[in-house]
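Take a look at the structure below.
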Amino acid sequence: MVAHLVRLKLALLRNGLRRSPWQVVGMVFGLLYGLGIAALVVSAMVAVSLQDVALQRTVTVMLGSLLVAGWWFVPLLAFGVDATLDPERFATFAIPRRSLVVGLSIAALLGVMGVLTTIVALSTGLAWWKHPLAMLVGLVGAVLGLGVAVVGGRAVVAAAAPLVARRRARELTAALAVLAVASIGPVLSGITSVRLDRDTFAGVVDVLVWTPFGAPWGAPADVAQGRPLLALARLAIAAATLALALVVWDRAISRSLVSPPRREAAGARAGLGPFSRLPATPLGAVTARCLVYWVRDPRYAMAVAIVPIIPVLLWVVGRGEGILLFAGPFAAFVCGWGVSSDVSYDGSAFWTHVSAGVRGRVDRLGRVLASATLSAPIVLLITVVTAALTGHARDLPALLGATLGVLGAAYGGASILSALVVQPVQQPGENPFATRQGASMSAMLSQMVGSFAVMAATLPVVVPAWVAVATSSALLGWIALAVGAVVCGACVVVGVRVGGRLLDQRAPVLLQRVIAFA
């Protein structure tokens with residue numbers, strides 16, 4: 001049965017590659033990228049193997065701990081990334097749980113990340129080749145560490161499944177993921193700005209080796225330093241963790257096979273929300289519907305959640321006030337360009353627009369109004385705050401002009417692009433960070449070309465705004481504000497009209513494609 005599950009995983013991977021040649025290209029690039037990282041890690045392990053035992057211990061324990069932590073916690077922030085062999089799918093088959101657990105554990109290693117993890121884990125053991133007994137213990141520890149990573153990760157996800165099954169919990173988790181990803185840069189910047197020596201890292205390792213994260217990787221160093229009892233203690237910690245993870249995962253699988261997951265019942269809401277506040281017209285209906293999406297759909301919420309973090313990221317990257325001044329225009333592009341995926345996010349629900357005969361202009365304008373209702377105040381506030389914090393309040397007119405111009409150009413370009421091209425996106429309830437398979441090269445190229453077109457359209461306002469800030473010219477600043485308002489209005493009008501006309505012509509084709517992607 002274990003071999004059958006492994007063959008099933010390989011068959012799923014093979015069939016996934018047969019969908020499109022671009023699937024093969026993506027898989028090849030992913031594999032080459034992973035192997036490149038693995039080669040770098042192996043080379044680093046070879047170099048570390050020539051150093052003293054203390055440094056070997058620090059590097060191997062830190063690397064192994066990162067591997068285990070990644071397998072344990074990344075799936076919690078990126079729920080739904082790989083569910084090809086979800087245990088719930090075997091509920092109707094009389095498969096012994098022990099065989100199912102072993103088979104799913106081995107199958108989890110069949111993939112780019114699984115292969116990369118295996119290579120890196122084994123390289124930490126081979127790094128002790130100068131100490132044969134330590135190398136043998138290191139290989140045993142690497143196997144145990146690999147098991148702790150894979151099985152422990154599945155156990156953590158299974159234990160958290162009842163919580164993650166709730167929609168609000170998924171939304172909170174996704175928001176935490178946004179903050180975690182966005183904070184990587186500032187954290188790394190803070191670390192590099194502080195002088196850290198070997199003693200500091202050694203102190204961290206002294207703690208990690210007594211935890212499930214670092215215990216299996218610290219055993220070979222104890223053998224090399226003549227402390228076999230400590231090595232046995234580390235391996236015992238790893239083995240006990242693996243056994244506990246197997247028990248937790250086994251019970252979770254037993255529960256999922258017998259009791260199907262309970263769906264959270266939708267709570268009753270008073271009133272109709274935006275539908276009761278907007279006019280009972282086609283434009284009002286489209287705007288209200290899209291507003292509901294922007295407020296309640298995590299896929300849209302991610303675009304809004306990342307916007308307030310943009311100034312922090314620009315400040316860290318730029319390490320100065322210059323680039324921070326244009327946080328407003330950059331945030332405006334992110335918000336405006338998000339509309340380019342609106343039809344794709346609609347999925348099969350787009351049929352309501354097609355069957356109701358909604359005019360293309362109404363559809364385009366309603367989506368822009370819904371997004372602007374939430375995004376415009378945020379980007380304008382970012383522009384005002386960054387100008388005040390950097391001491392450039394006198395340049396506020398120029399910065400506001402650039403922000404308005406970029407926001408309008410992004411809305412206009414997105415309104416046209418989304419009437420031409422749709423792409424595979426996450427379905428409602430799926431992980432907002434997961435990448436759907438089947439993305440075509442034409443969709444990626446269209447996104448790139450559209451982005452460049454928007455940038456070109458903003459040049460008439462961005463250039464005067466930049467000159468106004470650089471020269472501290474109040475006159476140029478007010479001119480940039482006026483030009484920005486004109487560019488914003490003109491781009492939105494052109495985008496709504498052209499995009500609406502294209503949507504009237506291509507709505508059935510777009511509907512057919514988004515249904516195929518669902």
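In case you wondered, yes, glycine gets a Cβ from its N, Cα and C as well.
Going by TrEMBL, these are the annotated features:
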type     : residues : note
TRANSMEM : 21-47    : transmembrane segment
TRANSMEM : 59-79    : transmembrane segment
TRANSMEM : 100-129  : transmembrane segment
TRANSMEM : 135-160  : transmembrane segment
TRANSMEM : 172-191  : transmembrane segment
TRANSMEM : 229-249  : transmembrane segment
TRANSMEM : 300-317  : transmembrane segment
TRANSMEM : 323-340  : transmembrane segment
TRANSMEM : 368-390  : transmembrane segment
TRANSMEM : 396-422  : transmembrane segment
TRANSMEM : 443-469  : transmembrane segment
TRANSMEM : 475-496  : transmembrane segment
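Contacts between the transmembrane segment (475-496) and the transmembrane segment (59-79): absent, as fewer than 3 C-beta pairs lie under 8 angstroms at sequence separation of six or more. Within its own chain, the transmembrane segment (135-160) has Cβ neighbours under 8 Å at 60, 64, 67-68, 70-73, 75-76, 79, 101, 104-105, 108-109, 114, 117-118, 121-122, 124-129, 212, 216-220, 223, 231, 234-235, 238-239, 241-242, 244-246, 248-249, 252-253, 256, counting only residues six or more beyond its boundaries. Among the stretches 59-79, 100-129, 368-390, 396-422, the one making the largest number of Cβ pairs under 8 Å with the transmembrane segment (323-340) is 396-422. Long-range neighbours of the transmembrane segment (396-422) within the same chain, counting only residues 6 or more positions beyond its ends whose Cβ lies under 8 Å from a Cβ of the stretch, are 325-326, 328-333, 335-344, 360, 364, 367-368, 371-372, 375-376, 379-380, 383-384, 386-387, 442-443, 446-447, 450-451, 453-454, 457-458, 460-462, 464-466, 468-469, 474, 476-478, 480-485, 487-496, 498-500, 502-503, 506, 510, 513-514, 517.
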